[in-house]
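A.B. asks: For reference, the structure I am asking about is given below.
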Amino acid sequence: MKTMTTAEIRRAFLNYFSENGHKIVHSASLVPGNDPTLLFTNAGMVPFKELFIGTETRDYRRATSAQRCVRAGGKHNDLENVGYTARHHTFFEMLGNFSFGDYFKAEAIPFAWRFLTEVLQLPAEKLLVTVYHEDDEAYRIWQEKIGLPADRIIRIGDKAGKAKYESDNFWAMGDTGPCGPCTEIFYDHGAEIFGGRPGSADEDGDRFIEIWNIVFMQFERDAEGTMKPLPKPSIDTGMGLERIAAVMQGVHSNYDIDLFIHLIDAAAKAVGCKNEGQASLKVIADHIRATVFLMVDGVLPSNEGRGYVLRRIMRRAIRHGYKLGQQGLFFHKLVAALVAEMGEAYPEIIAEQARITETIRKEELRFAQTLTAGMQILEQDLATLKGTIISGETVFKLYDTYGFPVDLTNDIARERGLTLDEAGYEALMQAQRERAKASGTFRADKTYTVSGKTAFLAYQQEQTESTIEAIFVQEQAADTLDCGDEAVLVLNQSPFYGESGGQIGDSGVIYHQNGAFLVSDTQKQGDVLLHFGRLQRGVLSVGDTVCAEIDRARRAAIRRHHSATHLLHQALRMTLGTHVQQKGSLVDADKLRFDFSHDAALTAAEIGAVEQLINEQILRNQPVNISEMPYDQACAQGAMALFGEKYGDIVRVVKMGADDFSVELCGGTHVKQTGDLGLVKIIAQSAVAAGIRRVECVAGLAALRYCQQQETQLQRIAAVLKSDLEHSVEKIERLQQDTKTLEKTVQQLKRTVALGGTQETAESVVDIHGWKTMAVRRDDLDNAILRDTADQLRDKYQLDVVVIGSSDGEMARLVVSVAKSAAALKAGAIVQTLAAFIDGKGGGRPDFAQAGGKNIQGLDAALAALPQALPQK
């Protein structure tokens, strides 16, 4: 056995299968394309799912890949185990070879065996395998073709007490669909390592480690559980790169392989930790991989969906840095170390290094602020805590509202001899999960069972004769459609464009003399177009010859807006820099929305420059050239491949503008000349997430309407100001200055009134338990004036404590100011007692505190209750 680095193993695997007729497919995005059932790509077969289920075809039947995967959040969630076991990761690479009806068991098993024993040179005697207990074919191949002795081929049955086929050696894509037995290859680390053979009571030990799983997709399971043989059985295999690297490098933990040794060393230096065996360093090293690769695929930290999972991963890593004593910013510094380790295999992280580093740094700053805010809330709740249990409501509020980690709340509680109401917290979390589930987040879309494919004519025609191949009413196949029915139609050929690449689907009509179906939307399902709509009149049936006609005016508007995204993308790159990359888009008939990587809002000058570049290309009225060529050739010519899109070997290249101003891979519909756009105008911009901006634009007649609306508004403003447009800005500026002067005068008058100076104020000084106090009410004052007034009254009358109550008609407020000489008094404790009268809560420093509540009627009672809040002097 020879020693190999992680990079060498990855390269050797892909080259081996390429030499054996497999197409090398670059890792797909961690954000699954067109699969709302998955949060993240979590297995090597995910990018090929549509090939396995037969809804898509490609120009190859064998493939191999090193697929980037994430398991954190959702059904497959390894997050809490990461750092504390030898083989759990949030991010990992899955090496795989796949056959889509090409070869099967007799070829797949020898492929794996030869790679392990000949390429990697693993000792054959160190390998043993498992097979499904009914899979005699796989057993015979291992025994007769490979030559494994019977004692190293283990049959694994169904799990005790479970249904048939519920086994570690039987794989299924879901409750229905493709499935089949699998064979797993294990490596024996030796008798000195604890652990039993697969299938034994001690199988969870570390002696026998699974390194490769080969799935034989040979059945189709229907809703009744019946297994039918697939006409073209397929192969899906997976070998964790980190696991096989551990074997090849003679270590028992994935965290001891070359890649992780370097990342852990970088993490140790970043946090100032000398003990590199710390579990927290493993967490940080693992999480920087997940963080960087999720970001390079367009995921950004947020409070929902994938962004929420990313934020949780990042904050968990940062929290572990804090546990090691690092209170400063450190996590973003590890991006460079990861790029050094994996940039050669994944050059996209090199291109995105600066943006990702800055995004992580900003999230670290945000988390530091979160911790500060969370600690204040926690301290306020602890000040009124009765007993030793922090309520589930408090823990949930800290976590859900402020992003305050539950483990941090638990640490603080433990330091103070307190515990958490974990049951209450879990109940609130479960309720939140149910709400999320009900909202349909990441719900599974319906798959319609259709044979064949739709001939796609959207590039050539806007109307065509077609045949109805299938009808679905309420998701069930039907032969006939009656007037008023909402349905989905499938045609043998169609001029309709199915939603993809950010461009919405076409609408229009499908009709013959006896019926008309209004199409409201068109979607793609693999190679089939689904036409959604309603039968407006008559009857339509499967087999009918119909005319399919798109809404031409709507298509033209969509076409203009889609074409405008190309010019916009390039204009943004020329104005802001080449770091700008498209991160998403939505194109419809009314406007376009374009998301891109950039850290700051566009200035007025930058917006003007972008619009200038776009409209210059429009005025040149150059032809839009569209051609097809191999993917590699297109990229070599500088064509930009866009985020989230999947490309085949042959791609569509769209060149737009003079001197090839924009060159992109795109499957959408486009204008014939740049002049067809008429005018493009940016109408809005916003922040989508950290490091991602969004601009909205209009083109053509929509741009004209926008300009006319803006002009109308300006004319109305000028009329209200009783000015002309030329001098309106000057008049507004004068009005603003006058308003500021008046506001300042009002604030000064309020302060004068609040301080009083009358006999009533002096008479409000009262001795309570030996303390010189004042409790007065001053309504309709803002917080700043209340604070200043309390401090000034305290100093003016040399008081130990001042309490001021105030109401603005909606809320009651209390402020407490304590003199430094009255060290025995705590403003926070005083305000907590008084806040109960206004149904509120409060807190603050020993010398100043404030509270707010909704019970205005209780304000006078709160002031009168000051004696209850003061101890004897």
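Heads up, the Cβ atoms here are built off N, Cα and C, so glycines get one too.
The structure displayed is predicted, hence computed values, not measured ones.
Residues or ranges marked as Zn(2+) binding site by Swiss-Prot on the basis of sequence analysis: HIS562, HIS566, CYS666, HIS670.
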A.B. asks: To see if you understand the setup: which same-chain residues, six or more apart in sequence, place their Cβ under 8 Å from that of HIS562 (Zn(2+) binding site)?
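C.D. replies: Listed in sequence order: GLY502, GLN503, VAL587, LEU592, GLY668, THR669, HIS670.
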A.B. asks: Same-chain residues six or more away whose CB lies under 8 A from the CB of CYS666 (Zn(2+) binding site)?
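C.D. replies: Long-range Cβ contacts: GLY501, HIS566, LEU642, ARG652, VAL654.
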A.B. asks: Out of HIS566, HIS670, give me whichever of these binding-site residues has the highest number of other Cβ atoms within 10 Å.
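C.D. replies: Of HIS566, HIS670, the one with the most crowded Cβ is HIS566.
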A.B. asks: Would you list, in sequence order, the residues of this chain other than HIS562, HIS566, CYS666, HIS670 that have their CB within 8 A of the centroid of the site's CB atoms, where the site is the one recorded for Zn(2+)?
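C.D. replies: Everything else in range on the chain: SER563, THR565, VAL624, VAL654, MET656, GLU664, GLY668, THR669.
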